[in-house]
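Note sheet for the following structure.
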Amino acid sequence: MSDVDWESEFAKYRSSPEFKMLNSRMTLEEFKSIYWMEWIHRLWGRFIGLSFVLPAVYFVARKQVSRTMAMRLVGIAGLIGFQGFIGWWMVKSGLKDDLFAPGSHPRVSQYRLTAHLGAAFICYLAMLWNGLDILRTNKILRVSSDGANATLKALSNPALKPFKRYVSLLAGLVFITAMSGGLVAGLDAGLIYNEFPFMGLGLTPPKSELWDKFYCRAPDHSDLWWRNLLENPSLVQLDHRILATTTFTAVMALWAFSRSAAMQKILPRAAQKGVHGVVGFACLQVILGISTLLYLVPTGLASAHQAGSLALLTWTIVLGSRVWFPTQAARILAQRTITQVNLGGTGSEMAQRAALMSSAAKAKTLMPGSPTAVAAVGFMPAVTVIGLALASETEATVARRQLFSRKLEDHAVSGLGQTRSS
Ligand code: HEM
């Protein structure tokens, strides 16, 4: 860009609430650095979209995937597009004129930031789930029929049900904890109470600070509880601590459950190893979270903490994929068996096939045409979505660092500017 172009872009930024109220001393050179970050982030988003859509169109056009898988690919492409829309909607919230009002804090809405994070997670999970499903189906079908039947039999054991339910609930809990982390980041709530496990004089801040009427908008204060839960930085940080502690405890309880004599007998070896992975990522995540807090949210640690949440969620889903019943594999095996039944067989073989066919009847999805190819389509963007999340973190944290150092300079660190975000 020419100097004139830079000046024109800088002039636009100078008219924003963020510049006027927080960064009024920013130089053109400093502006260029945040501009490039934003630009790379948006370019990266487009690259992700194309890297998914182009191969998907190819595979669908070449009829390499089943109808069901084609519909799923369309759904994921829609999610990527939706992610772009939420990004635009989020940025818009940081440009509203009411952010010039005294007492407000110019930054994007924490709700929209969390929606952006949540949509990225959902998009990633959709890719991961389909990729794992295909790889697993492929793996089961590659072994001999006897081996595959043994796997299906082990996974349809009703005694495994509580473990499967536990893993699903844990995945939900990790997701909710991650979203509460989005609110912490959106409110810069990690810049207060930089100690652990205490928050000020006790384990929690005083009640009057947690349930503050300042955040209410309804004249009768009927919105006291939910506004504070979602908009008061002190309570939002406490929410995140409580959810994180619950998640960590749930992971350790899952580990203990998996070590029980009953589970040791029926849990597949891959799942037993998977539980160790989940425990490892949960420990790492808690260490990263506490370090992020103690060191006043440095960019590197905050990014690692964000990536760690995705790693923990990924590993929980991988664990799930090792215990959930592989309906696609069962269906394909049953189709193969029908052919063999037509060819005859002993009484016990016929009975075994009949059982397989009934489990296959539960299958809702169709066999994808080319498993390895679709796995490639699914995993590449998954990796890029992690990049997207990291890029957004870097961008957000750089802006925050600037704000914080300026605040320090101005000796104005006497508490976070209270805000009424929309
Ligand atoms: C299972 C455990 C945890 C999960 C899944 C989790 C997840 C997350 C996520 C996804 C974010 C948002 C990152 C962003 O968008 O920038 C976040 C932010 C944060 N978390 Fe956690 N977290 C966990 C545990 C903890 C713990 C134990 C602490 C410390 C007590 C902590 C402190 C923070 C802080 C300070 C932030 C704000 C970082 C920023 O401003 O960028 N987290 N967390």
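A Cβ is built for glycine as well, from the same backbone N, Cα and C atoms used for every other residue.
These come from TrEMBL:
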type	residues	note
TRANSMEM	43-61	transmembrane segment
TRANSMEM	73-91	transmembrane segment
TRANSMEM	111-132	transmembrane segment
TRANSMEM	166-193	transmembrane segment
TRANSMEM	242-262	transmembrane segment
TRANSMEM	274-297	transmembrane segment
TRANSMEM	303-325	transmembrane segment
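Among the stretches 73-91, 166-193, 242-262, 274-297, the one making the largest number of Cβ pairs under 8 Å with the transmembrane segment (303-325) is 274-297.
Put simply, of 73-91, 111-132, 274-297, the stretch with the most CB pairs closer than 8 A to the transmembrane segment (166-193) is 111-132. Sequence-remote contacts of a segment are chain residues at least 6 beyond its ends whose Cβ falls under 8 Å from one of its Cβ atoms, and for the transmembrane segment (73-91) they are 42, 45, 48-49, 52-53, 56, 59-60, 65, 108-109, 112-113, 115-116, 119-120, 122-123, 126-127, 130, 377, 381, 388.
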